[in-house]
Every structure is written in structure tokens, then in C-alpha cells.
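The following features are taken from TrEMBL:
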type: BINDING; residues: 47-52, 244-250, 339-342; note: GTP binding site
type: BINDING; residues: Ser51, Thr250; note: Mg(2+) binding site
Amino acid sequence: MPGVVENDQARRVSKAIDDDIKREREQIKKRQKQRKDVKVMLLGQAESGKSTLQKQFQLYHASQTLDRERPSWRPIVYFNAIKAVRTILDELDWDFTTHANREDEAYLDPNWPAQISRIRHKLLPLITIEDSLASELSSGVTVAGGRSGVFVRAGWQSVVTSTRSWPVADMHGGNSSGQGVVANMAARLLAELQYDAAELWQHPAVKTLLRMRRLRLDESAAFFLDEVHRISEPDYLPTTDDILHVRLQTLGVTEHSFDINFGGNHYTWILYDVGGARHAWVPYFDDATAIIFLAPISAFDQYLEEDPRTNRIDDSLQLFTSTCSNKLLKNSSMVLMLNKTDLLKKKLQAGVMVKKYITSYGERENRYEDVAEYFRAHFAQVHKRKGVQKQELYIHFTSMLDVRATQRIIVDINEAIIKSYLGQSMLVS
Ligand SMILES: Nc1nc2c(ncn2[C@@H]2O[C@H](COP(=O)(O)OP(=O)(O)OP(=O)(O)O)[C@@H](O)[C@H]2O)c(=O)[nH]1
Ligand SMILES: [Mg+2]
């Protein structure tokens with residue numbers, strides 16, 4: 001009776017399928033039960049390195065997404081380079097006119113103003129495109145005050161540019177939706193004027209004013225100008241190093257999530273990267289598993305743009321105090337990253353004296369170890385005195401552009417945060 005055998009077989013197969021589906025559903029249920037949201041907030045003053053840390057997390061947990069985004073970083077790199085060129089020309093102009101008759105004129109060669117003026121003339125098309133490029137990249141968002149900057153919200157990558165490759169032959173047209181027209185023009189101009197940009201960057205006037213610290217540039221400026229020929233290549237694709245160096249102001253709060261596996265359990269790790277605008281932070285505070293606070297300790301000789309009397313380390317300490325003492329955060333664990341240690345070392349090696357800017361530093365040695373410990377002790381003291389958190393403060397010295405070192409720290413932080421998350425959920429249940 002072949003029909004009966006077939007029916008029996010069909011029933012067995014269908015039961016096996018049903019069992020499989022049931023098992024899978026149960027597994028999904030179990031996985032969902034195991035899936036936990038770990039919320040981590042990145043806080044710290046503007047330019048402290050929050051978004052750079054977010055990129056390092058992305059590199060660790062989801063490097064393929066960083067790969068997909070590479071093309072969208074290209075116009076931002078152009079913008080950083082063009083902004084650097086424009087800033088140098090503005091600052092030189094100011095310096096030549098205001099310092100022309102000062103006693104330190106000995107540093108300045110009388111031929112420099114004419115030489116710089118010639119270079120400026122050639123670079124004019126490039127620098128006049130800066131504002132429109134900023135506007136295109138920010139999708140029309142402008143922020144009151146200050147010169148052109150690029151401000152981005154979550155998901156900007158898909159807005160800025162398509163992910164197709166960008167050969168030179170294509171550069172004249174832009175893409176069909178009209179996006180990237182200015183960025184294409186910037187790429188073409190940079191390719192044409194790269195030798196003039198390099199000539200400016202190598203000019204002794206620029207080197208001298210940088211050495212005398214009268215010329216202040218964004219931290220990304222030197223990096224991209226050193227690399228101007230590479231970034232002007234027609235098939236240029238930003239490297240991880242380029243992406244980490246980019247300066248791009250975050251607007252509002254951007255959210256990034258990664259699925260991570262820890263000790264056999266699945267967690268959804270949600271990172272909130274908060275742009276300089278402080279008032280936007282508060283609503284996101286209360287159920288955060290952890291706060292990672294970034295304080296750039298290289299900034300001891302810098303002042304706030306919006307308040308030139310406030311030293312940036314003082315500002316970081318104030319922000320840290322209000323973060324530690326915020327009662328909404330009493331259950332969050334707290335990680336402090338004393339960031340930009342590479343820049344701190346460079347400044348100290350160049351002979352910049354901490355006591356000149358922070359008088360309480362007194363007669364201590366101007367060595368990296370002493371300075372770093374001095375700042376660490378100050379921040380730790382704030383947490384000890386004002387901290388409402390029940391848990392200890394984890395402190396790391398970081399140089400966020402160093403991939404290997406930062407990835408090691410991320411492993412430690414992941415572990416500490418998950419452990420404290422488990423501790424918190426045990427308290428709650
Ligand atoms: N040298 C050095 N540069 C760093 C370090 N960390 C970040 N940067 C650079 O500092 C600049 C600012 O970093 P961001 O990550 O954009 O700062 P942010 O805190 O997100 O700033 P906002 O979005 O304005 O709040 C970027 O150009 C980074 O490449 C570091 O440890 N060392
Ligand atoms: Mg940012």
C-alpha cells in the first residue's frame with residue numbers, strides 16, 4: 001500500500017517540521033528573554049572625543065558598518081582640509097596686519113605677506129566653497145554664532161552621499177538627487193589645488209606661527225594637511241585612521257546600537273552620543289546603565305569658545321561635578337576617560353607650562369606622569385565628594401586615536417558595564 005507509506009512519511013516530515021518550528025520559536029523566546037538593553041551615555045564638553053569613542057565602539061562591535069560608511073566620510077574629510085586651509089589664511093592675515101610693527105617682528109620675514117597673498121589668490125576657489133559645503137553636509141542646518149561648521153544628526157550618512165564609488169570623471173555632475181554637488185566640486189578643486197594647499201602648509205610663516213602658538217588650528221587640521229595628496233586622489237576612500245581624526249560636531253543626541261554576546265547572553269548595547277548642547281542630555285539620564293564621561297586633559301591651555309574666561313579643564317570638572325551629583329544617575333555606573341593623553345604629552349614636550357594656565361599646579365614638575373596624576377586626583381576627588389553613585393569610579397587614561405590601546409580599554413569597559421548591569425538587575429528583581 002504505497003499511499004499509506006507516503007502518508008505516514010508525509011506526517012512524519014510535517015511533524016518534524018512542526019517540531020523544528022516549535023524549537024526555533026522557543027529558542028527565539030529564550031533569546032528574547034536573554035536579550036537585555038544596556039544603555040550607555042557618552043558625556044563631556046564639546047570636542048572631548050565622545051563621537052570618536054563611539055566610532056571605536058563601532059569598530060569593535062560592528063566594523064562592517066564602519067566599512068559601509070567609509071564613502072560618506074569622504075566629503076567630511078574634504079571639509080576638514082578646506083576649513084584648515086581657510087583658518088590658516090585668516091589667521092595669517094590677522095597676524096600680518098596686527099603684529100607688523102611689534103618687537104617679535106624679527107620672527108617674520110618681510111617677504112612672507114606677499115608670498116602668502118599669492119598662495120591665497122590661487123586657493124580662493126577652494127576656500128569660497130567652504131560655507132556651501134558645510135551647508136550641504138549639514139543638510140541645511142545652521143547653528144547661530146561662529147563660522148561655518150558641519151553639524152550632524154543621527155543617520156546623516158545616508159543623507160550626505162550615496163555609497164557608490166566616486167571616480168573623477170563623475171565629479172562634475174553630482175548625483176541624480178542633487179546631493180553631493182558641492183562635495184563633488186570640492187573634490188575636484190582639492191585635486192587641482194592640492195600643491196598650493198601643500199605649499200601653504202609647508203610655508204615657513206605657518207610653521208613659525210604654529211611654533212610660536214599664535215596659530216591655533218583644529219586638532220584634525222595638521223593630520224589632513226599632512227595627507228593632502230593622498231586625500232586628493234580620485235579613488236580616495238577614508239581609512240579608519242581618517243575617520244577617527246575627522247572633526248564633526250554632533251547635533252543633539254545620536255543613538256547607536258550593537259548586539260553583543262557576553263557570557264552566552266545577548267545584549268543590545270545602546271550608545272547615546274550627546275553633542276555639546278548640554279540641555280539635551282537630561283531626559284536621557286535616568287535609566288542609563290552607565291555614563292562614560294570624557295575629559296580631554298590636553299586642554300589645560302585652552303578656553304571655552306563661548307566663554308573665553310573659562311579654562312576647559314575647569315569646565316570639564318564642573319560638568320563632571322554636576323554629572324556625579326545628579327540623583328537621577330545614582331544607579332548608573334561611572335567610567336571616566338581622561339582623554340587626549342597623546343596631545344598632552346606633545347604639549348608638555350614642547351615646553352607648554354601647566355602652571356601658567358592652572359596656578360594651583362604650583363611648582364610640581366611639568367612632566368606627563370605628574371600632570372596626568374594631578375588631573376586624575378582632581379577628578380577622583382570630585383567623585384568621592386559629590387558622587388551619588390553607589391559603585392566605584394572606573395578611570396582610564398586614553399588616546400582615542402590609538403586603535404589598539406582603545407580597543408583593549410573597550411574590552412575592559414564592556415566587562416565592567418555588563419557586570420554592573422547584572423548587579424543592577426539583581427537589585428531591581
Ligand atoms: N589627538 C587626539 N585627538 C583626539 C582624541 N580624541 C578625539 N580626538 C579628536 O578630537 C576632535 C573632536 O572629537 P569628537 O569625538 O568629534 O568630539 P565630541 O566630544 O564628539 O564633540 P561634540 O560632538 O562637538 O560634542 C576630533 O577631531 C577627534 O579626532 C585623542 O585622544 N587624541
Ligand atoms: Mg560628537
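Cβ from N, Cα, C; glycine included.
Candidate binding-site residues: Glu47, Ser51, Arg247, Thr341. Those with a Cβ under 6 Å from ligand 2, in sequence order, are Ser51. Non-local contacts of Glu47 (GTP binding site) by the CB criterion (under 8 A, 6+ apart in sequence, same chain) comprise Glu219, Arg247, Gly276, Pro296. Cα to Cα, Thr250 (GTP binding site) and Ser51 (Mg(2+) binding site) are separated by 8 Å. Just so you know, the Cβ of Thr250 (GTP binding site) picks up 21 other Cβ atoms within 10 Å once every protein chain is counted. Calculated from their C-alpha atoms, the gap between Leu244 (GTP binding site) and Ser51 (Mg(2+) binding site) amounts to 9 Å. Cα to Cα, Ser51 (Mg(2+) binding site) and Thr341 (GTP binding site) are separated by 17 Å. All protein chains shown were included, and the count of other CB atoms within 10 Å of the CB of Thr341 (GTP binding site) stands at 23. For Leu244 (GTP binding site), the Cβ neighbour count at a 10 Å cut-off comes to 22, with all displayed protein chains included.
The sparsest Cβ neighbourhood within 10 Å, among the listed binding-site residues (Lys50, Arg247), is found at Arg247.
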